[in-house]
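Down below is the structure, laid out as structure tokens.
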Amino acid sequence: MPAYRSRTSTHGRNMSGARGLWRATGMTDADFGKPIIAIANSFTQFVPGHVHLKDLGQMVAREIEKAGGVAKEFDTIAIDDGIAMGHAGMLYSLPSRELIADSVEYMVNAHCADAMVCISNCDKITPGMLMASLRLNIPTIFISGGPMEAGKVTYQGETHAVDLIDAMIKGADQNVSDEEALAFEKESCPTCGSCSGMFTANSMNCLIEALGLGLPGNGTVVATHADRKELFLEAGRRIVDLARRAYEGDDASVLPRSIATFQAFENAMTLDIAMGGSTNTVLHLLAAAQEAGVAFGMSDIDRLSRRVPCLCKVAPNVPDVHIEDVHRAGGIMGILGQLDRGGLINRECGTIHARTLAEGLDRWDISRSNDPKVVEFYKAAPGGVRTTEAFSQSKRWAEVDKDRTAGVIRSVDNAFSKDGGLAVLFGNLALDGCIVKTAGVDDKNLTFSGPAVICESQDEAVAKILGGQVKSGDVVIVRYEGPRGGPGMQEMLYPTSYLKSMGLGKECALITDGRFSGGTSGLSIGHVSPEAAEGGAIGLIQAGDIIDIHIPNRSIAIRVSDAELEKRRQAMQALGPKAWKPVDRDRQVSAALRAYAAMTTSAARGAVRDVSQLER
């Protein structure tokens, strides 16, 4: 039987000083020997997805203590990508993922915690904590703060469910009055929680369910609903059981690396493709796989994207459908259930709530479960009241959405499209691949060719789009915004939103070595690898070059010869210190960001640290 890690600091006369300090935190003799459970919270008043988390860590702590454990809470940082968007703040978003992973590792290892509950929610916090949990490989349960309710706006005589992206598009549309734009702004984010569409935060919280590290409903019960409280309480009870199984029962099956196997990563990516999740999830799954020691890469994503259909479309891919509607249709277990029927997932993977995913689906998939409590659970509805309080309402739908023919979640036979919601493209423009969210691409744009409009930064792209320098049929190239070139791999939500507001959302393509918000839709191709700053061909494109995009064939190319590209490469190399750097870009980059850039890898590797640099 492996000893509890915490005994390193709680047992033996030589640890009397440490025990003295533990006693000062409230521990007693009776606590020395119990499992110490770290609660990694992420409360902050900066972020609506985290503003309601302040007291929830202590609520979980009390449940841990009732179950026989000792709970110790700490907080991580949390950046709001929406507030950081469109200015230099976005440079810090992706790098914060590594800081979060490191800080969780530091706290847990420094204090010898035995197990962990991760209370996360928004874009980089869930991935950062996921990376840490796989590094540490101690029993871990994830519980998210939950999605925001969608807003409601009456516009041009019709009432619509709206979200942050609608407000951004209307705010930039000169045909929308100030009063109308303000109405969208005020109603787009009506409650606490992560933004209400299938954006990055909600995508990641849904994928946690597929990986097996979260409870059913983790990704879909709205933050305001009383049912989410039970998820938090159950996480507190269950983590003590997992800790005892791991240490007292020598059961390694409950450890994160035993659960998040190659097959589990396949399940998570399969879900992502089926629900048209954010392209950022690709970065985060690749990064998490590396922490788990799992050889899951772009070729695997490409393979899965060719066989998994699109079973669920949610904003921003379609209007008026949000995460609250996915929950009513059976949530993530409902989507996984349909994928299981199609033979598209690995049903023998373990989870923290059931021995296998198959057993979990038998209980939680509303298409096969006879448990009235499960059906009642998926009736949890938005309350429709502006609030920043968690668990503040208990409204329920009259019935769940079991329609698998034309409902929010479809069967494989009635899929929205045979091809899934994400695709990996390769070609001379992206030798190591790039990502497009096909669920958000209009059918007419699945093949697209047009002349390149070169932008050496996101700011230049915004200026050219709003300044009328981008025309129908153009391909906007935004480069030197990758992990190293940005640095920080900014999201391009403003350029894509402004294309929509200018009436060009379905008339242009945008290609970048940066990334996109989960709120992006349209022909938006990101994560181009290698990036320009690493010598990628995106840095060799010239204004007017024809770019050919063929999503069905998974190809993307600059329409110039190999000889011409080599000629341009040699000319670039001849620039010496100025080679592979943006032209005339005025950007202040802090020492912290320069340190990130010096260590990061390409998007094709998840933009994780190049640890080989540490082996010198």
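For all residues, glycine too, the Cβ spot is worked out from N, Cα and C.
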- request: Return the residue out of GLU491, GLU507, GLU531, GLU534 that Swiss-Prot annotates for the same Mg(2+) site as ASP81, ASP123, LYS124.
  value: GLU491
Cα-to-Cα gap, SER517 (active site, proton acceptor) vs GLU491 (Mg(2+) binding site), nearest whole Å: 5
Query: To test your reading of the Mg(2+) site: which residues beyond ASP81, ASP123, LYS124, GLU491, same chain only, put their Cβ within 8 Å of the Cβ centroid of those residues?
result: ILE79, ALA84, MET90, SER93, LEU94, CYS122, THR200, ALA201, ASN280, SER517
Statement: Least Cβ-packed of the binding-site residues ASP81, ASP123, GLU491 (other Cβ atoms within 10 Å) is ASP81
